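Chemist: Let me begin by handing over the structure; questions about it come next.
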Amino acid sequence: MAGPQQQPPYLHLAELTATQFLEIWKHFDADGNGYIEGKELENFFQELEKARKGSGMVSKSDNLGEKMKEFMQKYDKNSDGKIEMAELAQILPTEENFLLCFRQHVGSSTEFMEAWRKYDTDRSGYIEANELKGFLSDLLKKANRPYDEPKLQEYTQTILRMFDLNGDGKLGLSEMSRLLPVQENFLLKFQGMKLTSEEFNAIFTFYDKDGSGYIDENELDALLKDLYEKNKKEMNIQQLTSYRKSVMSLAEAEKLYRKDLEIVLCSEPPL
């Protein structure tokens, strides 16, 4: 049980700073899996109800179960019974609303990969703090949101604290992709079938018949189908087209190089 010193941040239904938003998220996502679910969701909802009553808001129903059902219908956009960070941003609007700014700019996986390509300039498989800062600066300009240097620094540090799961000061592609809504996050589809460097090199070499160091769109098509079949997973034509388009966003002149595909398919980004 939480003691008096461990009470959750008060859920004011007013504007929040990025730091306050993070405090609320970290408190309720106790297991750090990127969702609020189960008991976490129940605790979150109870605190939300307290905050609403504290601010004088009146609910239509006194039944907690009915309120939760109504709440989930409104905010659980992909109907998975969980609340993800981007969904929570709608419930608790932040002063800066940097998450929604981000999603507005990279609302699809294809746009996300194009943005990733632009800012992962050294092809390391990571966006580092200085690259992330430029990324966020561009997003804020695109959304016509005024900001100063200290505020931009706060956004950068907040995003790092949210998504830098191993604390190395960098954001990997899979970490950064958590900013996308689940239905747009094609990278999640490759979870559970990530390849070791040896496995990846073998499959890439198989499809790179001429040893050019890159594959084209048709070869990627075949590679993805092969990968799914080997892992006994189903994928329809629409999904295949979507995944291929997203991955090809990393290509140069329709050429997808080994290092770019390795970022997506390997369990660890290339060294």
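Each residue, glycine too, has its Cβ placed from N, Cα and C.
In case it helps, Swiss-Prot gives these features for our protein:
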type    : residues                               : note
DOMAIN  : 16-51                                  : domain 'EF-hand 1'
BINDING : ASP29, ASP31, ASN33, TYR35, GLU40      : Ca(2+) 1 binding site
DOMAIN  : 63-98                                  : domain 'EF-hand 2'
BINDING : ASP76, ASN78, ASP80, LYS82, GLU87      : Ca(2+) 2 binding site
DOMAIN  : 107-142                                : domain 'EF-hand 3'
BINDING : ASP120, ASP122, SER124, TYR126, GLU131 : Ca(2+) 3 binding site
DOMAIN  : 151-186                                : domain 'EF-hand 4'
BINDING : ASP164, ASN166, ASP168, LYS170, GLU175 : Ca(2+) 4 binding site
DOMAIN  : 195-230                                : domain 'EF-hand 5'
BINDING : ASP208, ASP210, SER212, TYR214, GLU219 : Ca(2+) 5 binding site
MOD_RES : TYR214                                 : phosphotyrosine
DOMAIN  : 235-270                                : domain 'EF-hand 6'
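Locate each feature and note its surroundings.
Modeler: For the domain 'EF-hand 1' (16-51), the mean pLDDT of the prediction comes to 78.
Of all Cβ atoms in the protein chains displayed, 18 besides its own lie within 10 Å of the Cβ of GLU40 (Ca(2+) 1 binding site). Reduced to three states, the DSSP call for GLU40 (Ca(2+) 1 binding site) is helix.
Of all Cβ atoms in the protein chains displayed, 18 besides its own lie within 10 Å of the Cβ of LYS82 (Ca(2+) 2 binding site).
Taking DSSP states H, G and I as helix and E and B as strand, the domain 'EF-hand 3' (107-142) has 25 helix, 3 strand, 8 coil.
Other C-beta atoms found within 10 angstroms of the C-beta of SER124 (Ca(2+) 3 binding site) number 16, with every protein chain shown included.
Within 10 Å of the C-beta atom of LYS170 (Ca(2+) 4 binding site) sit 19 other C-beta atoms, taking all shown protein chains into account.
In the three-state DSSP scheme, ASP208 (Ca(2+) 5 binding site) is classed as coil. Shown in sequence order, TYR214, ILE215, GLU219, ARG258 are the residues of the chain, 6+ apart in sequence, with a C-beta less than 8 angstroms from the C-beta of ASP208 (Ca(2+) 5 binding site).
TYR214 (Ca(2+) 5 binding site) falls within a strand when secondary structure is assigned with DSSP.
If you look at the domain 'EF-hand 6' (235-270), the same-chain residues 6 or more away from its ends with a CB under 8 A from one of its CBs are 109-110, 112-114, 116-117, 120, 123-126, 172-173, 186-187, 189-190, 194-197, 200, 204, 208, 213-217, 220-221, 224-225, 227-228.
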Chemist: Which one of these binding-site residues has the most other Cβ atoms within 10 Å of its own Cβ: ASP80, ASP122?
Modeler: ASP80
Chemist: So how many other Cβ atoms are close to TYR35 (Ca(2+) 1 binding site), meaning within 10 Å of its Cβ?
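Modeler: Looking across every protein chain shown, the total is 20.
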Chemist: Considering only the binding-site residues ASN33, ASP76, ASP80, ASN166, GLU175, which residue has the minimal Cα-Cα separation from ASP210 (Ca(2+) 5 binding site)?
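Modeler: Nearest by Cα distance to ASP210 (Ca(2+) 5 binding site): GLU175.
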